[in-house]
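Listed features, source TrEMBL:
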type: SIGNAL; residues: 1-25; note: signal peptide
type: DOMAIN; residues: 44-95; note: domain 'Inhibitor I9'
type: DOMAIN; residues: 120-367; note: domain 'Peptidase S8/S53'
type: ACT_SITE; residues: 129; note: active site, charge relay system
type: ACT_SITE; residues: 157; note: active site, charge relay system
type: ACT_SITE; residues: 319; note: active site, charge relay system
């Protein structure tokens with residue numbers, strides 16, 4: 001692999017609001033500069049390859065043929081050409097992926113599983129994150145820190161993720177998707193939600209050694225990493241389900257992009273989880289792409305937090321979506337003991353509530369995560385409207401007519417939707433309400449004129465348009481005009 005391919009990439013990774021700050025080769029490879037690298041080997045670790053280039057090994061892994069350490073910048077190319085070396089890459093920083101509640105628990109239908117006795121009991125989940133803080137609503141089975149002497153959370157992100165997965169089902173606070181699961185804190189990120197990729201890999205290695213059933217990675221990096229891929233592949237091969245946040249790289253301006261999913265979510269061995277809102281719409285920030293596997297609630301998610309004054313907090317992001325999937329997997333593992341990781345994964349994918357375009361798509365993957373056994377009881381998949389509510393003017397004279405136009409089309413295909421029912425309501429400045437129901441034509445358009453009497457009150461008039469049709473979610477829009 002050419003040196004320039006890796007060393008011109010950014011080294012800052014973000015878990016939810018992933019921002020990358022590129023570092024040029026000239027900046028990094030100053031004369032005499034030692035570089036922090038992760039070296040993966042084709043088979044066994046050959047420490048001599050590092051010492052031969054005057055490098056220093058700082059960390060090795062029990063199950064993964066790789067090491068991390070420092071190597072002179074001037075000798076990186078030499079190390080890359082060593083016959084025993086598979087790849088050499090710069091260490092990266094991982095950073096928090098998300099900030100967005102109990103409505104999510106309702107959406108994934110977790111309580112139905114609890115009623116049948118499935119709570120995730122006996123399922124071991126490694127939460128590779130900022131650690132987990134002691135909390136009255138959490139039971140921590142154990143853990144480890146790769147960056148300090150304690151796995152206690154001094155950021156809040158990991159504790160929030162832990163609550164979504166497995167907060168206790170008690171009489172106060174919140175409840176997680178799998179309240180009976182065993183939660184393990186694997187601290188790899190600091191108080192700012194940042195950390196080195198080598199520590200993330202070490203956390204995965206620890207999870208393999210301690211026979212976890214699920215690894216939750218509500219974090220991500222921008223650049224492809226051979227070492228990270230090798231680690232998650234190794235975990236999946238060992239029978240561990242690896243779940244990762246897809247990333248928060250979309251905006252209203254970039255929604256058309258179809259390839260902005262972060263690593264490790266992008267790897268085939270990892271379940272990539274995107275975000276949805278309370279209306280089952282695609283969360284505007286949620287990354288999209290063909291690797292997206294499932295979606296889960298990601299906006300305004302209430303969960304456990306580290307503040308004694310405020311032990312619960314609301315966050316948004318795909319960091320919040322991933323633990324919903326991890327919790328659902330824990331319920332599946334308990335419900336179907338002895339089944340392989342691949343079988344459980346397939347069951348998760350086939351039990352979703354399909355959203356957006358039929359089947360797997362770049363916005364929702366297979367669909368919204370559901371608790372075990374609910375696929376048959378979930379309503380059939382619905383699509384979303386996109387509509388525009390307009391008037392012929394913004395200001396009117398008393399006695400004139402207000403022409404209202406509602407255009408309705410499919411959110412994803414952009415095709416016009418004929419035959420949709422549009423309920424138009426006009427509320428005058430005095431509070432008088434007028435309502436009429438019309439249908440969209442073959443072009444997906446509905447038009448109506450409301451007349452204002454000459455004795456009408458001046459002021460602001462409010463217009464609402466509620467659109468409904470079988471197979472679609474009902475949507476309401478509002479607009480105001482002035483009457484003089």
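Cβ coordinates come from backbone N, Cα and C, glycine included.
In the structure as shown, the Cβ atom of residue 319 (active site, charge relay system) sits within 10 Å of 38 other Cβ atoms. Annotated pair residue 157 (active site, charge relay system) and residue 129 (active site, charge relay system), C-alpha to C-alpha distance, rounded: 7 Å. DSSP assignment over the domain 'Inhibitor I9' (44-95) gives 13 helix, 21 strand, 18 coil. The Cβ of residue 129 (active site, charge relay system) has 34 neighbouring Cβ atoms from other residues within 10 Å, across all protein chains displayed.
Taking the Cα atom of each, residue 129 (active site, charge relay system) and residue 319 (active site, charge relay system) are about 10 angstrom apart. Following the DSSP three-state reduction, the secondary structure of residue 129 (active site, charge relay system) is strand. The number of other CB atoms found within 10 A of the CB of residue 157 (active site, charge relay system), across every protein chain shown, is 29.
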